[in-house]
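> According to TrEMBL, the protein has these features:
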ACT_SITE  GLU102  active site, nucleophile
ACT_SITE  GLU106  active site, nucleophile
ACT_SITE  GLU106  active site, proton donor
DOMAIN    1-216  domain 'GH16'
CARBOHYD  ASN110  N-linked glycosylation site
SIGNAL    1-27  signal peptide
Amino acid sequence: MESSNGGGWRMVMVLYVAVSMVGSGWCSKFDELVQPSWATDHVIYEGELLKLKLDNSSGAGFASKSKYLYGKVTAELKLVEGDSAGTVTAFYMSSDGVNHNEFDFEFLGNRTGEPYLVQTNLYINGVGDREQRMDLWFDPTADFHAYSILWNPRQVVFLVDDTPIRVFPNHEDRGVAFPRDQPMGVYSSIWNADDWATEGGLVKTDWSHAPFVATFRGLRIDGCEWAPEAGGLAELRRCGGSGWGKEGRYWWKEKAMEALSVHQSHQLIWARANHLVYDYCNDPSRFATHPPECGK
């Protein structure tokens, strides 16, 4: 189809690397959405799965082929089995440059039998240091689970199997910066971080257990795909608009998505009451002044 101004219509990136549903999982053609970003020989396509491998020569990563302004991204991921101490697997969104925005899931490996920790973090205009850590209510190495980031003008939400575990609301009214004007790519990587990842770096990576493999079964990106050739201001207007754009319905920006539902609020309270192990908001040793986004 052609638009009225002669430019080609761009379809809303209700882009499924999941092209069909099989049970609770997704059949995937990852190369429609992503490409290896480094160590291509450690990015392995195995049937409908994509695997990132870490050994003592290299880790690996992938990056989306496009960038997006607002939307929701979800990965179905099974983490490294067994002794994964010292390793980190990340799934995240990020823009470019020094003053970038970034939303991180970082899965911190542990010794066999000890729980994984999930660290979330946000960088806004290049400033991070907003770490929170949680354990999980299941074994993330035994099966695939869905990890999602929802981003719209009112909030950033991190979800695990559709249960919200963290919300970063828009508090620009308090003078808190909020990510709103930089398109972001979707990324994943696995690497050795045994200087900090497990028990503060006390437990090192045991390379006798290599290779360490993180396995993706599906990736879904619903978002406004950024068209750099159209110009930044035009794309900000297009992707920042409400309701419907020329691409279709921006459901991630509808009224119901501006805040958690009552049920989701209860889920968030439960998750944080039972599984939160660290919150930068409650760490006076790092922040003498309470961070403004943390409230009172």
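Yeah, the Cβs are placed from backbone N, Cα and C, and that goes for glycine too.
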> Let me know how many other Cβ atoms fall within 10 Å of the Cβ of GLU106 (active site, nucleophile).
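Neighbour count, Cβ to Cβ under the 10 Å cut-off: 19.
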> How many other Cβ atoms are found within 10 Å of the Cβ atom of GLU102 (active site, nucleophile), counting all protein chains shown?
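The answer is 18 other Cβ atoms.
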> Can you tell me the CA-to-CA distance separating GLU102 (active site, nucleophile) and ASN110 (N-linked glycosylation site), as a whole number of Å?
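Checking the Cα atoms of GLU102 (active site, nucleophile) and ASN110 (N-linked glycosylation site) gives a distance of 25 Å.
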> Please list, in sequence order, the residues in the chain of ASN110 (N-linked glycosylation site) that are at least six apart in sequence and whose C-beta is under 8 Å away from its C-beta.
SER84, ALA85, TYR116, LEU117, THR198, VAL203
> Can you work out the mean pLDDT of the predicted model over the domain 'GH16' (1-216)?
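On average, pLDDT over the domain 'GH16' (1-216) sits at 87.
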